[in-house]
Amino acid sequence: MRLLQLLFRASPATLLLVLCLQLGANKAQDNTRKIIIKDFDIPKSVRPNEEVTATLAVRTELKECMVVKTYLISSVPLEGGFNYKYTACLCNNNPKTFYWDFYTNRTVQIAAVVDVIRELGICPDDAAVIPIKSNRFYTTETLKVE
């Protein structure tokens, strides 16, 4: 009987502690920063052999800078500036925008890829981080030729 009374006496304090811990854990989970935020823009449709400009805007919510390499991949081989790869230092206060100009005469799926890489001489003082969870981010669009 005495043990049961102790159990009920500790219960409100335990419940309050659990509630505080739960509220603290939820607040910490909501405060996660996005590693890469990307906006890939290409026209939805073009005429055959018309010049296409693809634009990829990249930013981060991390406080630290990262070295990123951006490039495009397509479902069919494309010529020209499509094959350019860009390497840049991406920081919270310095978003980047990349451009590719190319031609196509058939419908194609295009993926814009952002790799977080380890490379010296890109960020000031070589101060950059690499995320542990993932280091490749991509988005795809379809370009129709009509």
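Just so you know, glycine gets a Cβ as well, placed from its N, Cα and C.
Look at Swiss-Prot and you will find C65-C91 (among others) tagged as disulfide bond, backed by similarity to another entry. There are 19 other Cβ atoms within 10 Å of the Cβ belonging to C91 (disulfide bond).
Annotation comment: Swiss-Prot describes C89-C123 (among others) as disulfide bond, evidence class similarity to another entry. Residues within less than 8 Å, Cβ to Cβ, of C123 (disulfide bond) and separated from it by at least 6 positions along the same chain comprise C65, M66, V67, C89, C91. DSSP assigns C123 (disulfide bond) to coil in the three-state reduction, placing it in neither a helix nor a strand.
Per Swiss-Prot, the feature N-linked glycosylation site maps to N105; the stated evidence is sequence analysis. Under the DSSP three-state reduction, N105 (N-linked glycosylation site) is assigned to coil, being neither helix nor strand.
Sequence annotations record features per position, and here Swiss-Prot assigns pyrrolidone carboxylic acid to Q29.
Per Swiss-Prot, the feature signal peptide maps to 1-28; the stated evidence is similarity to another entry.
Note: N105 (N-linked glycosylation site) has non-local neighbours P48, N49, V145, i.e. same-chain residues 6+ apart with C-beta under 8 A of its own C-beta. When secondary structure is read from DSSP and collapsed to three states, C89 (disulfide bond) falls in the strand class.
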